[in-house]
Amino acid sequence: MNRIFAALTVSLAISAMANARTMTVKNNCDVTICIRVIPVSLMNDFSFIGNSTPDYATGFTVPDNWTSGRIWGRTDCDFDNNIDGATACVSDRYCYLLNCANTLGAPTATVAEWTLGGSADWYDVSRLIDGFSSPLEITNTANCDIASCPADLNALTRLTGTKNSDPRSSSRLCTGSHNAAETYPSSGVADYDYFKSNCPDTYAYAYDEDSGTALFTCDSSNNADYTLTFCP
C-alpha cells in the first residue's frame, strides 16, 4: 500500500510539474521595483516578492489554470519597513507583507494580466486603467503576440489621462451609464490617440478591445511560459 501511495504521489508531482507554467520577471529599469502578484494562493514560491533591484531577474511557476493573475511593480514602496501594516496594505507601499498580497493594489501602477488554460491563454498590459508606473512588456516562448507599453509616459509632457472634475464619476470609472464600449467609446477618452500611439499594444482604457491591440491570446496547447520585463 505504501509503495502504491508513493508511486501515486510521484505521479501527481510529475503531472503538476508538467502542467506548471514558468513566469519570469526582469527589471531592466535603473531603479528598485517592488514586485506584487495576485492571486498568490496557487503559487509555489513567494521568495520573489520584495525588492527587484536593477538587472534583477527571477522565475516562479503557476498552474496552467492560473486565473485573473496580475503582476505589477511599484517604485514608491517603503523599503525600510517604516509604514505600519494596515496603512501599507491600503497604500500598496509595503513591499514584504504577504498577508495583503492578494489586494489589487492602489493606483497608479502599470499592470500585466493573465488568464491561462481552456482553449487559449489571455494576457494584456493595462497601462491607463490603473494608471502608469513603469514601461512593461510580456513575451512568451510560443512566439505569440507581444503585449507591451515600451514608452516611459512619466517622461512625456502630455501625460493627462482621462480627465473629469470628479474622479469618482461614472465616466471616469467606466461605470453606470459608461459601463460598456457602446456608451463609452475611445472618442470619449482624453488624448486616447496620443496614449495609443505611444503604447499601441496595451489597454489605453477599460473598453479598448475593439482596437484589436489590447487583449492578446495564445493557444493553450503551446503551454507557453511568459516573461514580464520592466523597462524593456
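Our numbering is plain: 1 for the first residue shown, then up by one each step along the chain.
Cβ from N, Cα, C; glycine included.
Note: TrEMBL links Cys199 through a disulfide bond to Cys149 (candidates: Cys149, Cys174, Cys231). TrEMBL names the disulfide partner of Cys144 among Cys77, Cys89, Cys218, Cys231 as Cys218. Over all protein chains present, the Cβ of Cys199 (disulfide bond) has 23 other Cβ atoms lying within 10 Å. If you check the disulfide-bonded residues Cys144, Cys149, Cys199, Cys218 against Cys231 (disulfide bond), the ones with a Cα inside 10 Å of its Cα are Cys149.
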